[in-house]
Amino acid sequence: KIKSGWERLTSESEYACPAIDKFCEDHCAAKKAVGKCDDFKCNCIKL
């Protein structure tokens with residue numbers, strides 16, 4: 001049960017911005033993009 005909550009949190013990584021940039025980076029890395037926090041949203045920038 002904890003795992004599903006954690007996956008939900010990491011999949012909604014913008015909620016971690018700007019507190020935890022790593023969530024945003026990891027979330028975007030899975031999409032082969034670079035994650036940057038923009039206020040409270042996580043933006044994935046394609047390379």
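Positions of Cβ are set from backbone N, Cα and C atoms, glycine also.
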- Query: Can you tell which of Cys37, Cys44 is bonded to Cys17 by a disulfide, based on Swiss-Prot?
  - Reply: Cys37
- Checking Swiss-Prot: of Cys24, Cys28, the cysteine bonded to Cys44 via disulfide is Cys28
- Task: Work out how many Å separate Cys37 (disulfide bond) and Cys24 (disulfide bond) at their Cα atoms, rounded off.
- Result: 7
- Residues with Cβ closer than 8 Å to the Cβ of Cys17 (disulfide bond), same chain and 6+ apart in sequence? Phe23, Cys24, Cys37, Asp38, Asp39, Phe40, Lys41, Cys42
- Query: If you count the other Cβ atoms within 10 Å of each Cβ, which of the disulfide-bonded residues Cys24, Cys28, Cys37, Cys42, Cys44 comes out on top?
  - Reply: Cys24
- When the domain 'BetaSPN-type CS-alpha/beta' (14-47) is classified with DSSP, how many of its residues are helical, how many are strand and how many are coil? 12 helix, 12 strand, 10 coil
